[in-house]
Amino acid sequence: MASPNVGVVVNDPAPKVGHWRIWHSVLLTALVALLFLVPFVFFATQPTTALIGTFIVLLLICVLIGQGVTGLPAGILIDERNVMSLSRLQMLVWTLMVVSAMIAGTAVNIQVGDDAHAAMGWTIDSSLLALIGISTISLAGSPLILSTKKDQNPTQLEVKEMKDRLKAQSEANPTNDGKVATNEFPSDARWSDMFTGEEVGNAGYADLSRIQMFFFTVLVGLIYAMMLLDMFSHFTLVKGSGGPLPFTGFPELDKSLVGLIAISHGGYLTVKSLPHTKSADSNGDKDSSNPVG
């Protein structure tokens, strides 16, 4: 008589991927409804409060989506390497600010003109378009650069040193995909990932290009947030007056600030493209394209 198969129980420290449940869908529907109730109904005559409220609801939607996909509240910032992405954070910040201003600004215009078509006649300044374009290029270019390094093999010594270094810093489960440092599970992602290197050779070390880009993003983001709040605080609403629409366009960013962001992103992508890990092929080391245990 054949003996039954004996299963091996393995402890998986990672949360289940694909945690989306029916309550996520219900809550998402409620938040989308709230996204329009906040500026159009609840705070229709309070432009600044409508702007802030819309931003908060959009942020909650992003948190819900991230939690539903990865099981983690900050999941929307975790990329395919299971690390926190600085490019994703930057794109998220600009998206939330711009979209919240679009919705709240349209609500303000409707209160004055009662014409939905005219209420959406606002324009987006060229400096803001340039800023969003730079962030988009960085978000798309970052994984493109790293993809070229996934086919390159690091030395086993550097892989071992990386794992020892990262395990000493946290309880993560570091591994590698070619020369690119990765984590085994989404739960291994840390906020510090945004400020450290992405290759086997420099993972766990502070990356000044990333730190610089973070500071510039915070600086310009805060400046633009204050510009939006100042603009909305000066809107005067006379419901149904048919007068000039308050929100006709976004604040214009100083070109020097846009240039600062462009230089920062250029340096970030340039540093990312440079080699930070020795190649196994160059010194005869054994192929370590597969993770070292």
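Placed from the backbone N, Cα and C atoms, the Cβ positions cover glycine too.
TrEMBL lists 166-185 with the feature region 'Disordered'. Annotation comment: TrEMBL describes 22-43, 50-69, 89-110, 122-146, 211-229 as transmembrane segment.
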Counting by DSSP, what is the helix, strand and coil composition of the region 'Disordered' (166-185)? 4 helix, 8 strand, 8 coil
Lying 6 or more residues past either end of the transmembrane segment (122-146) yet within Cβ distance under 8 Å of it, the residues of that chain are 79-81, 85, 87-88, 90-91, 94, 98, 102, 105-106, 109, 180, 198, 220, 245, 247-255, 257-258, 261-262, 265, 268-269, 272-273
